[in-house]
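Q: After the structure tokens below, expect a handful of questions from me.
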Amino acid sequence: MASAQDGTTSPDINNISAWTQADYALLNSDIIQSLSSAQIQQMQHPDWMPASAAAGFTAEKLAGINISLSWFSAAWLNYLPLATFQALDSSRLGQIAAATWAQIDNAHITALTPTQIGIVGQRAVLSSAQFALLDLTAVSPTAMASWGQSSWAGTTAAQMSLLTKAQIDAMQNATWLPLSAVSGIQPSQVLVFTTNYSRFNGAWFNQMRLDSFQALDNSRLAQISAATWTQIDKAHFSALNATQISVIKLDFSAIAVDWISSLTPEVFQGLTATQLGQLNASAIAGISDSCLGTLTPIQLTALHDLSQLSAHQFSLLNLSAMSNAQIAAWTPDQYATITPAEFSSLTTAQIGAMTNPAALPLNVVSALTVAQVNAINTDFSLLPDSWLNSLSTTALQGLTPYQFSHLSSLTPAEVNNITSIAALSSAQFGQLNLTGLSTSAIAGWVKSQYAGLTAQQISSLSNAQIHAMQHPDWMSASAAPGFTAEKLASLAISFYWFSSDWLNNLNISTFQSMTATQLNQISASTLSAVDNAHLTALSAAQVATMNNLGSLPRGKFGILNISALSASQLGSLTRTQYQGLTQAQFNTLNATQVQALTHPEWLQPGLLNNLSLTQFQSMTAAQFAALTPAAISNLDAAHLACYAGDLTTLSNDTLLSIESRLTAAQRSTLTASQQSLVALNQSTEQSLISSLSDMGLKNIMQTLDASNESLFSFRSIESVMKDFAAELTDGLTASQYNDLKIYLQDIGAVHGTTSSIYSLINGMVTGANGASVQWTSPVDGSFTRIGSLNVDSSATQFGQLITTWLDGADVPVSSSTAHVDGRPLFADGMPSINDIRQGGIGDCSYLSALQAVVDADPNFIKSMIVQNSNDTYSVRFFNKGVATWVNVDSNVCSYGASMDTSNWVAIAERANVAFESTYWGENNSYSSLPGLFEKLQAITGDQITQFRATYTSEETWNTTDFELLKTAVLNGAPAQLSSWENSTDPVTGQTNFVGGHAFAIIGFNEATNDFILTNPWGAYRTDNVDGTFEASMDEMWQHGNFNTCIGFANSYTASGAAGQLVTAMASVAPAPAASSLSLVSQTTNTNTGVLAVAHA
């Protein structure tokens, strides 16, 4: 192929289709001219040729180009001969990009044919400068009809002036014309436009030649909107004749200022009141002085807004002829022009219309009469002191109560002379200078006057005046900052009456001056709302004198300076106050004060580590004994070394939580079984870690072991499980599941397979004894039966099982909860029948079963509940005679059973829901609690003997069944009655039996041959309900009611399931206390204290 590189100067024309870019670069106009159209068509990249080569193209050759003109530059197109350029058809023109058109030279733009102009115009690709070069006169109307707004944007005045009627008719929208083109519209063209004239704005009309504007006919002028007329300039408006003005839609409210100012007085006097009433303020201000001076009263009142008239213009008007609305709109400058004589001509109604009398000249104010002053309706708080001081004495004394609002300028003597002071509003009273008032006058203040007092007024009063106040509690909180310590001490009423807002507004230094008497007068609700800044400011001495601290929420109690509290005061702190105690407060207590804290178990667990060692060592044995497992487990090594509690009483779990931090001396005090437990724990840990196959689980345990934490404490087991679950990305593998079962086996080896922790982990890992968790969504309360762990268990399921079994946080559905945090598990260390009080849940069968068992053997109930080191509670139930444990947190049902002195009943109630949901397939809801004797069986693990009235005769009931029940009760067997009749005591009228309700049978009185029953509504009750009462066997027959029945636990000795279990537990661990359900037979087996009260 020929090229410049091989010495040739032109490409090989015999192989055009193979030309390279270098070949195309050799082309020039002569070569192009020499090529045929067919050869041109063979070009694959004609856009590669130099721009100058384009000069060789004819129209015919150009047609041979087989690629889009979009590939060609403007320079290339500009080299085309004009005739060739004019031959471009619609298709070719459409291929040229807008950016390329912008570079086409003027010669080619000017050369465009009318047809091409029509095409290019439709595309709107030309700049305004290019469009201005076009000759539009020959462009067809049809082509112009397709032009859009951007097409017409470049039209010039010269082009516009030459358009034909047909071309103007073809224009889609004349508003598209640029304003510069509008000036080219000829008078002869005005009536040709088909666009409605309402679409043109004022600027469009203002561009028209005046003679063209004058050529508009009436119909077109009527199309112009009122809004547009406000934009039309004075020259065009002035060009209109009278006939044209009569048809325009001109609202005089839109008339331009220069239009109205151009009117002569003769024309102006002919304007009607309606027309003048339409004038806006600016137009009115444009009225000439000559016209203002000739206004009639009717014309003056028609001018609705005089606000923009200058003072000079306003002085030309007749004030007495003005309307009230006009007077209400006077400006300050207009007020300033008024003379006393002019003001005297106003009626009282006109004076009442004034909105700014403060702007009246003072010489006018000094001449005001009482009637004129009374006619002023504006707020006197807007009047300056100089205005009030300018009033005559007569006028001042004649002020109405309404007009008192800004009277701070009055002297004390003037205030004393006001006879209607009691009629002032609070806001008005607050403006007065009260320093001259007598104490007798102050003693007579009414509530509205107190409410108006300001801090400034209070600060100006003497102590004697303060003391004279009868109801200072009526003052607003905003007045409180005016009190100093002296003034506060001068108050004669109890501080009980003051609000927290008032106290919070006292200056801190003033608040700090409050006496013990004043502080103790503050009500509980008020004190609880006092802000932190003021409470923090109280001195230790002040705090020590206060007897109402119990009303403070814990967050506020925690900021007080309690360093001066006595041992007695500290000993009576409430649970809320204990939970509010902070490290800063503890640091201020001495040993005696620390020892006075009778409920260390109520402290936040971590707070004990913040005590100094001296403080910690000062704790008493009773205090150490009261600490919860969570509190002991959280003790650090330094504090644990000072622990003076009895280590031999610790549960196995608590001991394992702290054993690594015990001193040698402490270890020596452990019992032999405890030391064996510690040794077993240590040896089992090493064998456990070495036996695991999953490296993730092994690493977790090694890390825990390296920190000297037992792998078998509750806290550690919980930590291991949570960390392991967090690492799961896929389902639990068979190997991982097997490792968990190995862990479970070793937990049983350390704690014993009858322990609560083993039962919990066994239920979670293997679903032992039929355990299957029903997960309750915390979002929508929906139920999902998630069972137990297994191969392929997901991390989500694992986490939910941990939440249930270890955190105890699978809260029953649709139950409002209340926390039992801080309440002891057992009042005075032991459960009692008096702890049971049924709430709003229909679980009388369950609670009466608890009554029967706790009365028979409190230690059995105590063994039933274990408080864990994470402040959860493990609770034991029997499923088909097998002991199983569930775990719950301290969120209990807010409307369930409760006592303020203990929480075991509420915990047991919540736990029964968890047990029945997990082991009996019930829903995780308090609605599962109702039932019958299966509750007693679940608590004791024993078989139940029961007899129903409908299945026996009354004789058998009163003989055979009577003897069975008597024997059982006298031998300590828990028993219940399901009652289905109502009865009352014939002597006291108190409720005894209740239909559809369960009772505990807790004893037998051989003297009366009656059984002793308790109501789960409260065995201690002696009000309209007899909580503990006697009933004969025949009375319990209840006329043979179909549903009446009695049940009692069969095996009530150590040989029974429950007895065997607690005996086994007693051999494994020293706590919780365990016992069998066997009791020595006695004549009356009951709580004699309760019985004495109920049957005195």
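Every residue number used here counts from 1 along the chain in the order it is shown.
Placement of Cβ uses the backbone N, Cα and C atoms for every residue, glycine included.
Under the heading domain 'Calpain catalytic', TrEMBL lists 805-1038. What TrEMBL lists as active site is Cys844, His997, Asn1015.
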Q: Cβ atoms within 10 Å, counted per site: which of Cys844, His997, Asn1015 has the most, among these active-site residues?
A: Asn1015
Q: Does DSSP give Asn1015 (active site) helix, strand or coil?
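A: SS state of Asn1015 (active site) = coil.
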Q: Let me know the DSSP-derived helix, strand or coil state of Cys844 (active site), please.
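A: Assignment for Cys844 (active site) reads helix.
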Q: Measuring Cα to Cα, tell me the gap between His997 (active site) and Asn1015 (active site) in whole angstrom.
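A: Asn1015 (active site) has its Cα 9 Å from the Cα of His997 (active site).
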Q: According to DSSP, does His997 (active site) sit in a helix, a strand, or coil?
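A: Strand, per DSSP.
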Q: Roughly how many Å separate the Cα of Cys844 (active site) from that of Asn1015 (active site), to the nearest whole number?
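A: Spelling it out, the Cα of Cys844 (active site) and the Cα of Asn1015 (active site) are 8 Å apart.
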